[in-house]
Amino acid sequence: MNNQPNPYSAPHQQGMAVTGERAAQVLKNTYMLLGLSLVVATGASWFAMASNIGFVNVWLTIGVYFALLFATNMLRNSAWGILAVFGLTGWLGFTTGPIINMYAQVPGGMEIVTMALGGTAFIFVAMSAIALFTRKDFSFLTNFIMIGILVAFAASIANIFFAIPALSLAVSAAFVLLSSLLIMWQTSAIIHGGETNYILATVTLFVSIYNLFMSLLQILTALSGDD
């Protein structure tokens, strides 16, 4: 039996809450891996843009995403989990590249992209700050967030077939709200010991950032009248 401590989770003694020092270590590792993941995603997006890669099929995008998400969860307690995180974030960045290229080719398109990036950064900092400075336990939001994400995801899949602009906008608005809450919830979970694996925490935060950016992009495009 392997009694070595798991370096990808904060150690804790049975029956004891994770200490502030341990939670701080998980938070530090999460932010470090999140920063590297954003670099990987940016690099993959730039590569797709520079290579003039066309739009990736939506079903391929979703299928590979869930495969990498499953792999990350299975490998969360090993160094391979970090590579899986980079694979996941790189894939999402790669599939985003053609979308940004499309905006770059229309008047005012890059302004919309810049505003979406700025909005995403502002929301991430704001929601993280709420969790960090209030030190409040937001675990009571768990069911609301998880059910909301499932409903919004199902609606987005349905709209692939129906292509209803109003539904698309509603789904984007829902994802902005849910992703914002998820950032606050995940940060709070780390602080209070509800999440001790920084690999899983990183994936949650990265996917929240990705969904925020893509949803803001959709909303700003609709408001600009260029949709």
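If you go along the chain as it appears here, the first residue is 1 and each next one adds 1.
Just so it is clear, glycine is given a Cβ too, placed from its N, Cα and C backbone atoms.
Features reported for this protein in TrEMBL:
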TRANSMEM  31-49  transmembrane segment
TRANSMEM  55-72  transmembrane segment
TRANSMEM  79-100  transmembrane segment
TRANSMEM  112-133  transmembrane segment
TRANSMEM  140-161  transmembrane segment
TRANSMEM  167-185  transmembrane segment
TRANSMEM  197-220  transmembrane segment
Could you tell me whether the transmembrane segment (79-100) and the transmembrane segment (167-185) are in contact, taking contact to mean 3+ Cβ pairs under 8 Å with a sequence separation of 6 or more?
-> no
What residues in the same chain, six or more past the boundaries of the transmembrane segment (79-100), come closer than 8 Å to it by Cβ-Cβ distance?
-> 8, 33, 36-38, 40-49, 53-56, 61, 64-65, 68-69, 71-72, 113, 199, 202-203, 206-207, 210, 214, 217
